[in-house]
C-alpha cells in the first residue's frame with residue numbers, strides 16, 4: 001500500500017518533469033504517519049496474540065460448553081489444538097490486512113473456502129464466528145489503549161480493524 005502511493009506520486013511528478021509539490025509531500029507525510037499507527041496496532045495485536053486467542057477460546061467454551069463436552073467439536077486435545085490453531089491463523093491474517101490496509105490478503109489466503117471446509121468437517125461456523133468476535137473485542141481493546149503508541153485520532157483505523165474481524169466472522173458464520 002505505502003510503496004504504491006509513493007511510487008505513484010513520484011512517477012507522476014517525474015513524468016511531468018517536476019519536483020514534488022508541498023501538497024504531495026504533506027500527503028506522503030500523512031501516509032507515513034498513518035503507517036506508524038498501523039504498525040503500532042499490528043505490533044500490539046501480535047505481541048498479545050496468544051492471550052487474545054486463548055482468552056477468546058476460553059470465553060467461547062464458557063458460553064458454549066457443549067463444544068468441549070464428549071462428542072463436541074473441540075473435544076479431545078487434538079480438536080482443541082486445531083480450534084486454537086484456526087483462531088490463530090485468522091488473527092494472523094487479520095493483522096496482515098491491517099498492515100496492508102486491504103482485506104484482499106485476508107479473503108484470498110484465509111477466508112475463501114473456509115466456511116465450506118468447516119461445513120465438510122461438521123464444525124459449527126456460528127461458534128467459530130463467536131470466537132472471532134471475541135478476538136475482535138480483545139484486539140480492539142488492546143489497539144485502543146493510548147499508552148505507548150503514535151498520538152492522533154485512531155478511530156478510523158480502529159473501525160477498520162473491527163471490520164476485518166467482522167468480515168472473518170461473516171465468512172465462517
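Note that Cβ sites are derived from N, Cα and C of the backbone, with glycine treated the same way.
In the structure as shown, the Cβ atom of residue 83 ((2R,3E)-phycocyanobilin 1 binding site) sits within 10 Å of 22 other Cβ atoms. Feature annotation from Swiss-Prot assigns (2R,3E)-phycocyanobilin 1 binding site to 83.
Within 10 Å of the C-beta of residue 154 ((2R,3E)-phycocyanobilin 2 binding site) there are 20 other C-beta atoms, taking all protein chains into account. Residues or ranges marked as (2R,3E)-phycocyanobilin 2 binding site in Swiss-Prot (evidence: similarity to another entry): 154.
Annotation for residue 73 (N4-methylasparagine): same-chain Cβ neighbours under 8 Å, separated by at least 6 residues, are 67, 79, 83, 122, 123, 124, 127. Marked as N4-methylasparagine by Swiss-Prot: 73.
Residue 154 ((2R,3E)-phycocyanobilin 2 binding site) falls outside any helix or strand according to DSSP and counts as coil.
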